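Scroll down for the structure; my scribbles are underneath it.
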Amino acid sequence: MAETQAPAGYLFSEKHEWVKVEGDTALIGISDFAQSALGDIVFVDLPKSGKTVKQFETFGTIESVKAAEDLYAPVGGEVIESNSALSKNPGDVNSKPFDSWMIKVKGFSTSELEKLLSPEKYKALVAKLE
């Protein structure tokens, strides 16, 4: 199996979601490992703007030809945008997992970031699972 991608500038949860901080906004998506394990993604159910999410709690669902899985927020805060393009092209999560953010969140705590994994630590976690 090819080495899992975990680019610099991203932090990861043990549930395989990623977060990329841009100023006071956090973009959230799923990792390369997660999309590969799920297989062809056919549907993504995401929250509307204004919803509050809490760290490590569910914020939506993702469905593939193999399974349906909950999505977990790596940081908490207020959803300011959901990626509507994924409703038309959910397969983008497979082909571009780090460009296919699912939600944008504001109001997260920087202390929450300390509970996440660096790319190196995430790769080590995934290596144990493969």
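Quick reminder: no glycine exception, Cβ is built from N, Cα and C everywhere.
Listed in Swiss-Prot for this protein:
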DOMAIN    25-106  domain 'Lipoyl-binding'
MOD_RES   Lys66  N6-lipoyllysine
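DSSP assigns Lys66 (N6-lipoyllysine) to coil, not to a helix or a strand. Summarised as a single figure, the pLDDT of the domain 'Lipoyl-binding' (25-106) averages 97.
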